[in-house]
Amino acid sequence: MGSRSSHAARIPDVDSLRQETGFSQASLRRLYDRFNALDRTGKGYLSRMDLQQIGALAVNPLGDRIIDSFFPDGSLRLDFPGFVRVLAHFRPVDEEDDGNRDPKEPEPLNSRMNKLRFAFQLYDLDRDGKISRHEMLQALRLMVGVQVTEEQLESIADRTVQEADEDGDGAVSFLEFAKSLEKMNIEQKMSIRILK
Amino acid sequence: MLGRWAPGPGWGVLLALLLALGELPRARGVEEEPGDAHGGTQGFQVVTFKWHHVQDPYIIALWILVASLAKIGFHLSHKVTSVVPESALLIVLGLLLGGIVLAADHIASFSLTPTVFFFYLLPPIVLDAGYFMPNRLFFGNLGTILLYAVIGTVWNAATTGLSLYGVFLSGLMGDLNIGLLDFLLFGSLIAAVDPVAVLAVFEEVHVNEVLFIIVFGESLLNDAVTVVLYNVFESFVTLGGDKVTGVDCVKGIVSFFVVSLGGTLVGIVFAFLLSLVTRFTKHVRIIEPGFVFVLSYLSYLTSEMLSLSAILAITFCGICCQKYVKANISEQSATTVRYTMKMLASGAETIIFMFLGISAVDPLIWKWNTAFVLLTLLFISVYRAIGVILQTWILNRYRMVQLEIIDQVVMCYGGLRGAVAYALVVLLDENKVKEKNLFVSTTIIVIFFTVIFQGLTIKPLVQWLKVKRSEQRDPKLNEKLHGRAFDHILSAIEDISGQIGHNYLRDKWSNFDRKFLSKILMRRSAQKSRDRILNVFHELNLKDAISYVAEGERRGSLAFIRSPSTDNMVNVDFSTPRPSTVEASVSYLLRENVSAVRLDMQSLEQRRQSIRDAEDMITHHTLQQYLYKPRQEYKHLYSRHGLTADEDEKQDTEIFHRTMRKRLESFKSAKLGINPHKKAAKLLKRDRAQKRRNSSIPNGKLPIVSSLQDFTIKEKDLELSDTEEAPNYDDEMSGGIEFLANIAQDTATDSPSGIDNPAFSPEESPGVLSGVPPWLCPGEAVVPSQRARLQIPHSPGNFHRLAPFRLSGKSVDSFLLADGPEEQPHAAPPESTHM
């Protein structure tokens, strides 16, 4: 496919991106194609609108929050490296990586902690490093059907926060968040096999 | 067969008796019944017993009744059906019934004849599969499916046939009158995975969508290969092994392409015709559904007539026409088509399996050869496994979604054989194929083994493979909640990263479709409404309205609108306030009443009490039940027995509404240049939280809250009308429109839309603009038309559900009008609703 290879040539900084994200050349090429397909007007970056055009996201309760997470700090443009960097969180953890990884290097984007951090920031809207009761409630509202009354929601939110809250400050810090999920196989749950 | 329709009663009975000894489905009843009629005179009789007259249709109807009753019986016990697939139960039932018939009659009177199977039972099943095919998924995996269907089937046929021949040469099977070609013929008919059996079993095993479509697609498309191989080898057998030349082999290969492509082409041509016909059925709504069935059946018969692949023809007829037909025919017709198709397919399937059982009870067809039977079973399983592994190995180098070991195991194991193989083997000519009976009995054994044994074990197998580490531990709330969040995140990321490839081709195709095909094949009104999100929104609204009215009818009145306790507000959210100038509107008045009616202190207290007492368990339960499910869990791609579950649609509706509302709010803030994460967003959230609390909890403090709320909203409005110009706004805005249009396109693929909804095509009806609620006016000044377009259907803040629009269903119309009478006149559409 001629168009593909020409795309590959145009990916900026392929090698450093590969290093950083751990994606294979083929995956990067594929994601680049995807990136360009999403960028319908060919402006070279993605806006929120481009992502919102994906129909399935409109029926995903967390769709908009996930879109937001592609645009850190209120930026309006998403370039390809940024796009890939977010997706890299969902690369499956491969065993051989863990064994011979240099401990001095920063943790790869797809480590357990980084996967958790990605999820955590979806809750932590005000970026204060804590999921407050209010934030928990907001997340619940998104994820629970309308059949549940607000009171029930509040009680669920209370319980959820209490359950994870260890220092008694009425909010869930990242460490508490990670701890509450320590039994869960995050590596598997937060990985997409196509993103090898 | 003349006697069946002979008019004279006396004659007829005599003839019936004669016929009873003859061929075809004969009734046991014949023998018990005619004692008195036998001595009947030629004179006038007040009452005559004309069994012969109704015999054939009567027996058919009785069998259908028995099969349907059996189905009811199976489902009385959930335990049985959850373990044993229905197809297996039906086969067992067939065996029992066959045994009874045999015991009574001493000869096997009924069997599944190839004619009945191919002409009447198979087409509805395949049409159903095609018509409800998840197109996007199917074409996304078409390459893989074709490889498995073509190469895989040839491989299975060749290896099975050759290996059996090899063993035969070694003398293990004893003395059989079979040549190499007979073995290959047998191999070719036993090789193909059967769509009916696969669907019947996979329906109950919920595997992931890609895996499902691959196995399902393979079973549908390999028909062409089977038919060609079967025909080629049959003619070779007829010719005699020594006379087959190289030219014949080449002809065989050529005929494969002709048969498969020809069948597909016939299907597409008929799909085109069908779409075209439904475009002009506006005034004959009542026979609309008929066209769908008749024309697709004709496609089947036509390609059968041309000796092309009939299954491919009707499959592709269904696949290609679905989009246009669904858009063209009225909503009622669409429902009729859906249900009729499901009913026919499900009924045909039931009969097929039952008759497979019945047909097996016939001492005449059984010829046992242990080595042959066991080796056939062994070879088809082993070679399927090898074939799948080899092909997957090749495919995985090119596929975006890798097929993993588990998938391969399921694919190997899902290679079920079924009625197609049986019908083909029965078709064999005994004079040419000397060991026909051996083939028939082996085929029956293979079918029973795959359907019953593999069908029984595939579910536990899938579960066992997936739940490798089952922990006996109640998940904590956090785990449950976040776990679900992870699922949502994953599915969103999959969507963003483009799980299913071929975007380029799909874009090209949809362009072509929009520019040419849709123009020709769709009603003009349908074309218009298709490209718009408005249409989707209209459908959602319609559903809301219907459920709303249904709820009202259930309770005997629509009075419950006034006491919107959360459980009867299925989706309908009337009580969100509409600020400022619309006070006069009916819904506003209704809402005002709400606060008074709501003060039912006792029930309120009860509810509070119960919530206070709520145990963790209840909380868990609530979460379990009401957390939105991620896509993979609820999306059943294709189901023969059920239409899409209500729950899923409801969930989609809810989330869709929510998302749209939020996005519109952020449009607003983007327009003002306010960072959506900061001030405005917070404000809006607080505002919404209040609204929600207000709407869903009847509490005593309501008046205070609502006054507070009004205040907030005014504050918000002030803020919004503050600044007029902001950078990026136009960009975002046009993007927004494009986005809306695109969503509509995307969503339209899976949602049937038979609604003409002129009021929702803003370009054509500028009158709608004036129908915008007055409180939107401040914003209007900036870019009137675009904003109007955006905001008619879902006004920010309250989303303005059930806003005035034309419904094609008349029953709810008047009710809806009550909600917004002041806007209705403006929305008068250029074209009246059709019925």
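Using N, Cα and C of the backbone, Cβ positions are placed for all residues, glycine too.
In TrEMBL, annotation is done automatically, which means it is predicted and not curated.
Marked as domain 'Cation/H+ exchanger transmembrane' by TrEMBL: B:64-464.
Sequence annotations record features per position, and here TrEMBL assigns signal peptide to B:1-29.
Same-chain residues lying 6+ beyond the ends of the transmembrane segment (B:58-76) with a Cβ under 8 Å from its Cβ atoms: 25-27, 51, 86, 89-90, 93, 97, 110, 347, 350-351, 354-355. Summarising the annotation, TrEMBL assigns transmembrane segment to B:58-76 (among others).
Positions annotated as transmembrane segment by TrEMBL: B:88-108 (among others).
Taken from TrEMBL, the feature transmembrane segment applies to B:114-133 (among others).
What TrEMBL lists as transmembrane segment is B:145-168 (among others).
Per TrEMBL, transmembrane segment is recorded for B:180-202 (among others).
Look at TrEMBL and you will find B:209-233 (among others) tagged as transmembrane segment.
Marked as transmembrane segment by TrEMBL: B:253-277 (among others). For the transmembrane segment (B:253-277), same-chain residues at least 6 beyond its ends with a Cβ under 8 Å from one of its own Cβ atoms are 224-225, 227-228, 231-232, 291-292, 295-296, 298-299, 302-303, 306-321, 324-325, 328, 520-522.
Residues or ranges marked as transmembrane segment by TrEMBL: B:346-366 (among others).
Taken from TrEMBL, the feature transmembrane segment covers B:372-393 (among others). Same-chain residues lying 6+ beyond the ends of the transmembrane segment (B:372-393) with a Cβ under 8 Å from its Cβ atoms: 147-148, 151-152, 155-156, 159-160, 163-164, 167, 172-173, 176, 190-191, 403, 407-408, 411-412, 415, 417, 438, 441-442, 445-446, 449.
Under the heading transmembrane segment, TrEMBL lists B:405-426 (among others).
Beyond the ends of the transmembrane segment (B:438-458), by six or more residues, the same chain brings 83-85, 87-88, 91-92, 176, 186, 189-190, 197, 200-201, 205, 353, 356, 359-360, 365-369, 372-373, 376-377, 380, 410, 413-419, 421-422, 425-426, 428 to within a C-beta distance below 8 angstroms of the stretch. Per TrEMBL, the feature transmembrane segment maps to B:438-458 (among others).
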Which sequence positions outside the transmembrane segment (B:114-133), separated from its termini by at least 6 residues, show Cβ-Cβ distances below 8 Å to it?
195-196, 199, 216, 220, 292-293, 296-297, 300, 304, 310-311, 314-319, 321-322, 337, 341-342, 344-345, 347-349, 351-352, 419-420, 422-424, 426-427, 638, 640
Going along the chain, which residues at least six beyond the ends of the transmembrane segment (B:145-168) come within the CB cut-off of under 8 Å?
138, 176, 178, 180, 183-188, 190-193, 213-214, 217-218, 220-222, 224-226, 229, 371-372, 375-376, 379-380, 383-384, 386-388, 391, 394-395, 411
By Cβ distance under 8 Å, which residues at least 6 away from the ends of the transmembrane segment (B:88-108) in the same chain are close to it?
28, 66-67, 70-71, 74, 80-81, 350, 353-364, 448, 451-452, 455-456
Hey, which bits of the same chain come close to the transmembrane segment (B:180-202), Cβ under 8 Å, at least six residues off its ends?
85-87, 122, 125-126, 129, 153-154, 156-162, 164-165, 168, 212, 215-216, 218-220, 222-223, 225-226, 229-230, 232-234, 236-237, 241, 244, 311, 349, 352-353, 376, 380, 414-421, 424-425, 428, 433-435, 439, 442-443, 446-447, 450-451, 454-455, 458, 638, 640
